[in-house]
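What follows is a single structure, written as structure tokens, with notes after it.
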């Protein structure tokens with residue numbers, strides 16, 4: 001039987017898992033302090049138009065992903081060069097997430113194990129999943145998301161006695177600079193990282209309204225992030241949030257139900273590894289696809305092994321310490337990601353629209369449907 | 001076929017990896033010395049650490065003992081220039097690796113606390129094994145190690161007794177359990193001073209037993225003073241941490257006129273307002289309580305008597321709370337009530353006018369306005385005071 | 001690379017690097033033979049072009065102690081990170 | 001237990017010599033009968049040389065002039081009443097000379113229409129085919145001067161009586177199970193489904209045994225592409241002997257190396273019909289009381305037929321229990337090892353201390369202990385299954401009690417580990433169809449979690465998910481019902497919804513999706 005393309009639900013699940021990914025373990029939006037909820041909301045609002053642009057690009061050329069669209073719009077040479085850049089971005093992002101999880105596991109739970117071991121295993125798993133194909137990743141996502149939602153709900157319920165709304169005050173007082181800066185960071189990590197999805201999915205009959213897919217994924221994923229960071233902030237307060245590398249872990253540590261359900265943070269964050277694995281696999285998949293396209297190969301699967309090795313080496317030599325990782329995330333990543341998340345998609349979109357107008361007489365056919 | 005060979009290779013290799021390098025974080029459970037409580041003393045720039053350790057080795061000696069664990073705790077002492085060094089020096093004595101995840105209490109001696117507690121707090125928060133949910137206490141007037149050397153009558157170890165006590169917070173209403181995490185947060189938060197409960201060893205019968213009562217007040221990282229049990233109760237009211245089931249006693253002027261009240265529910269609201277450019281904190285204590293004991297023949301249950309009692313109680317509580325605030329303001333000058341944090345939260349504009357680090361100067365001058373509103377409900381099983389027959 | 005505190009740690013590092021090297025070599029040989037048999041010359045070239053440097057880097061990092069991280073290197077080139 | 005009769009044995013190997021002859025390209029192969037009875041008989045006797053079970057009964061027919069006739073059959077494979085009463089007797093007493101009884105009929109027509117009074121009589125021209133049907137239990141009648149043989153269906157061999165299947169007992173529900181006879185099995189299915197849409201297609205498989213198999217499906221429900229796929233894969237089976245469905249399963253299943261079953265078996269006709277009604281295809285093999293059902297999805301491990309015979313609330317609770325027991329049987333040793341060796345902080349203090357005192361003096365790390373105990377448990381289980389049941393029970397009880405107790409006393413194994421392994425083993429019995437999978441999984445998880453604790457465990461879970469999501473059973477994703485949390489399909493996956501609520505069949509499996517004509521809650 002023919003393998004089906006991803007369904008609407010699978011794509012949305014993947015988007016949600018991708019957005020949750022490493023975001024829930026890392027200290028995101030520290031600049032906003034107690035107004036972090038506002039920063040998340042602002043970041044979602046900022047991401048909306050960008051995401052609609054991604055969706056629009058895909059809808060311009062049905063049955064094609066960004067790589068093929070690039071070739072179509074920019075021509076073979078330039079298009080492939082741009083695809084190479086995108087593959088590089090996916091590669092880097094994959095290494096970053098891999099590193100985040102490696103550091104997280106290493107610092108919080110098993111400090112004596114070399115950092116590289118969990119990273120290597122995660123990398124091998126992502127390699128295997130990529131070799132099996134996108135459908136396997138999507139189905140795994142369908143298995144994981146309910147588990148994540150289940151565990152997260154219970155974690156949230158157990159955390160409620162520790163929530164203290166006082167820690168979120170004073171709210172919105174002369175903190176606009178912090179909020180905007182935090183929102184920018186949240187925009188680049190994780191929301192606009194969904195540009196990776198343009199490489200791996202394409203517009204089919206089943207996922208006709210690409211904008212709908214993106215909006216659903218962004219809003220649900222963003223909602224989960226909003227809930228999680230706000231509750232973490234309300235449990236540990238802005239001072240400890242800022243000081244910690246992994247604030248959510250600190251917050252979950254405070255769970256104590258009837259003196260027997262305590263010290264469960266390891267189990268809770270095991271579940272986060274599911275989301276992280278999906279994010280790593282998707283990025284790695286995108287990197288393989290992008291590179292194979294840039295090199296003009298039809299098949300991407302043969303690239304997984306050598307690229308996996310390089311990925312692991314890159315990730316394990318990227319940072320020497322958790323401090324460096326945090327510093328890089330807060331100081332450099334925003335500027336590094338900007339071209340891939342905003343600039344290049346904008347250019348592609350505009351060129352695509354122009355080409356489309358040139359190609360067709362009436363370009364306004366379903367514009368309203370898509371950008372509604 | 002090729003694929004499955006690859007998969008087999010992966011598994012074979014994982015096995016090789018496993019058997020070659022061993023398991024890094026592998027800890028055999030019987031090799032652990034489980035730390036259940038620790039105390040910190042200071043003498044001549046050296047930190048003296050005493051830990052209470054549970055280890056199964058002790059269990060064999062105590063086979064058949066009636067205690068729930070059947071284990072006697074062992075005490076180890078170590079010293080060093082830093083906490084970490086003291087911990088490391090102890091390994092050579094204990095022989096087994098100290099395992100800190102199950103630690104319940106940390107006791108800091110008064111001397112250490114007066115010089116600054118940050119060293120200990122930082123180590124607890126930084127170390128992955130030690131948990132911030134551990135209780136922190138200050139031993140008053142004694143070496144902290146001596147507390148661990150006392151006897152626990154109903155529990156296996158002193159630390160477990162203190163842990164259970166603090167978790168239930170007692171019904172005495174005279175102590176305030178604080179975890180290291182909370183302590184750190186209050187230490188870092190603007191406009192609030194940290195508090196920790198006091199622990200002492202007292203003689204009970206023939207044995208020395210630990211007693212937790214009152215609270216130690218910190219200004220920044222340094223200990224500045226103590227509140228006794230009675231004042232701690234008012235502190236609890238002010239911090240809105242009064243638990244239900246607490247008993248308070250109301251005394252009137254004439255002898256034999258005492259009434260004990262049990263608190264069912266208590267809620268404290270604090271607001272800040274400006275009077276002549278100076279902040280005034282209004283405090284409302286709403287309290288639902290019932291009569292638990294009447295030691296006079298007077299009628300306090302009927303509507304009129306109850307009203308009188310309520311008035312009397314309100315007045316008395318208000319005075320006591322105000323006195324406590326005054327005492328802290330004048331003698332210690334640390335804002336353990338969180339007035340500064342209240343201003344920071346509710347009037348951030350006002351907070352900005354206070355120069356950085358200037359709150360300590362402003363705090364003693366803050367005016368407070370305490371309102372107590374006690375609602376009486378019920379009088380336990382008896383509807384009348386116990387009368388004496390003619 | 002963190003600095004090694006004792007010999008045992010060094011041995012651990014070496015061993016898992018050895019493991020990675022061996023694992024990817026075997027993968028590489030199997031897949032390269034497969035590609036060779038399928039007469040996908042271009043793919044084979046790309047494959048080896050990517051894999052061999054990776055293996056060399058693995059060996060290099062296994063034998064070096066205290067290498068600066070990639071982020072540090074980049075930071076010193078562009079002056080990103082405040083060291 | 002199967003009674004192995006000489007004929008049963010013979011049915012399995014009956015065509016050996018025939019094929020051997022075919023291999024030698026003997027001149028007789030493919031030859032037709034000719035008119036001379038003597039040469040026909042000689043050919044047959046030559047092919048069936050040294051086969052003492054074949055009986056040649058020569059009859060001189062009452063014709064004018066006398067004609068000879070041979071009745072050939074295999075001893076024990078024919079119904080002797082039928083043979084004697086309806087074939088031999090008529091041949092013996094019929095007066096062929098009396099033309100009034102059969103005016104204007106040829107001799108063979110007379111035989112067909114007046115003499116042979118059995119249900120199924122056919123004529124066969126090719127010698128090989130005739131011999132094959134002879135060996136399958138048919139009676140051959142060869143008459144002088146007629147260039148073909150009459151093949152009379154008079155099969156009747158000893159069969160086991162229908163009894164309740166041992167492996168799938170139910171408290172409530174039908175008590176019959178399949179037996180070794182294909183036709184009887186098919187009648188059991190047919191009796192439950194009186195509908196012309198039920199299709200049964202026969203095939204011969206096994207180059208030597210020529211085993212009859214039957215592919216059963218319901219037209220209009222089963223998806224034609226799956227049926228085509230089944231035919232395609234069956235055509236590839238070139239094994240010489242098929243004695244049991246597993247011989248076929250291993251040829252036609254997807255992912256042949258995976259421990260997960262992608263093809264199911266059942267011993268119960270009601271289960272088989274239930275699967276048919278869900279759009280699945282059932283294959284029955286002659287000589288085995290097990291039917292193959294396919295496609296087989298992961299969730300079917302947890303759907304026991306008794307679920308459908310009990311109250312839906314109770315069944316749903318049972319089903320949830322089965323999921324939990326699957327989790328327990330695969331993960332308990334791994335979680336225990338991770339807790340005890342890596343994440344001691346998660347164990348409550350008192351429990352930690354009691355585990356530590358139990359471990360005091362035990363020389364092995366928990367992982368090795370768990371491995372030893374799991375192996376011992378498997379040994380006991382296997383020994384218990386193979387031995388006759390009273391002895392088997394004794395072995396299990398003695399083994400479990402005495403060995404466990406002695407091992408704890410001798411400080412080889414710690415007491416908590418005995419509890420853990422007992423829990424693992426006993427919860428494994430709740431999902432009896434997957435002993436292999438749960439054993440492999442528990443070993444794999446144990447191994448991973450003894451490597452880096454809970455993280456190893458979760459990595460192993462991810463690896464297993466990748467494997468399972470990449471599996472397919474005849475084109476259907478193996479986890480399809482599990483992963484698609486679809487309101488309609490949830491009704492028969494996690495829980496068992498009441499029958500009046502299960503309006504639809506599984507979505508991917510079937511063509512006609514509607515199961516219930518008029519959905520709605522029954523009203524009193």
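Cβ from N, Cα, C; glycine included.
Unlike curated records, TrEMBL annotations are generated automatically.
Same-chain residues lying 6+ beyond the ends of the transmembrane segment (A:12-30) with a Cβ under 8 Å from its Cβ atoms: 6, 36, 39-40, 43, 97, 100-101, 104, 137-138, 141-142, 144-145, 148, 182-183, 185-186, 189-191, 193-194, 196-197, 213-214, 216-218, 220-222, 224-225, 228-229, 241-242, 244-249, 269, 272, 274-276, 278-279, 282, 326, 329-330. Taken from TrEMBL, the feature transmembrane segment applies to A:12-30 (among others).
What TrEMBL lists as transmembrane segment is A:36-57 (among others). Tertiary neighbourhood of the transmembrane segment (A:36-57): same-chain residues 29, 66, 69, 168, 171-172, 178-180, 182-184, 186-187, 191-192, 194-195, 197-198, 210-211, 213-215, 218-219, 222, 225-226, 229-230, 233, 241, 341-342, 345-346, 348-349, 352, 370-371, selected by CB-CB distance under 8 Å and a gap of 6+ residues from either end.
Marked as transmembrane segment by TrEMBL: A:77-98 (among others). Residues 21-22, 66-67, 70-71, 119, 122-123, 126, 193, 195-196, 199, 276, 279-280, 283-284, 286-291, 293-294, 296, 307, 310-312, 314-315, 318, 329, 333, 336-337, 339-340, 344, 348 of the same chain lie 6 or more positions beyond the ends of the transmembrane segment (A:77-98) yet place their CB under 8 Å from a CB of it.
Marked as transmembrane segment by TrEMBL: A:104-129 (among others). Under 8 Å from some Cβ of the transmembrane segment (A:104-129) lie the Cβ atoms of residues 25, 94, 98, 136-137, 140, 245-246, 249, 265-266, 269, 273, 276-277, 280-281, 284-285, 304-305, 308, 311-312, 315-316, 322, all in the same chain and six or more residues away from its ends.
According to TrEMBL, the transmembrane segment annotation covers A:141-159 (among others). Only residues 6 or more beyond the boundaries of the transmembrane segment (A:141-159), in the same chain, are considered here, and those with a CB under 8 A from a CB of the stretch are 9-10, 13-14, 16-17, 20, 224, 227-228, 231, 235, 251-252, 254-255, 257, 261, 267-268, 271-272, 274-275, 277-278.
If you look at the transmembrane segment (A:179-202), the same-chain residues 6 or more away from its ends with a CB under 8 A from one of its CBs are 5-6, 11, 14-15, 18-23, 28-32, 35-36, 38-40, 42-44, 46-47, 50-51, 54, 57-58, 62-67, 86, 89-90, 93, 134, 172, 213-214, 217-218, 221-222, 225, 282-283, 285-286, 289-290, 329-330, 333-334, 337-338, 340-342, 345. Residues or ranges marked as transmembrane segment by TrEMBL: A:179-202 (among others).
Under 8 Å from some Cβ of the transmembrane segment (A:214-236) lie the Cβ atoms of residues 11-12, 14-16, 18-20, 23-24, 28-29, 34, 36-37, 40-41, 43-44, 47-48, 51-52, 54-55, 152, 156, 159, 162-165, 167-168, 186, 190-191, 194, 197, 244, 247-248, 250-251, 254, all in the same chain and six or more residues away from its ends. The transmembrane segment annotation in TrEMBL covers A:214-236 (among others).
Feature annotation from TrEMBL assigns transmembrane segment to A:266-288 (among others). Residues 14, 17-18, 20-22, 24-25, 86-88, 90-91, 93-94, 97-98, 100-101, 104-105, 108-109, 122-123, 125-127, 129-130, 134, 137, 140-141, 144, 147-148, 151-152, 155, 196-197, 199-200, 248-249, 252, 300-301, 303-304, 307-308, 311 of the same chain lie 6+ residues outside the transmembrane segment (A:266-288) yet bring a C-beta within less than 8 angstroms of a C-beta in it.
Residues or ranges marked as transmembrane segment in TrEMBL: A:300-320 (among others). Residues 91-92, 94-96, 98-99, 102-103, 115-116, 119-120, 123-124, 126-127, 130-131, 284, 287-289, 291-293, 328 of the same chain, all 6+ positions outside the transmembrane segment (A:300-320), place their C-beta atoms under 8 angstroms from a C-beta of that stretch.
Within the same chain, residues 50, 53-54, 56-57, 60-61, 66, 69-70, 73-74, 82, 85-86, 89, 92, 96, 184-185, 187-189, 192-193, 195, 198 sit at least 6 positions outside the transmembrane segment (A:332-352) and bring their C-beta atoms closer than 8 Å to a C-beta of that stretch. Annotation comment: TrEMBL describes A:332-352 (among others) as transmembrane segment.
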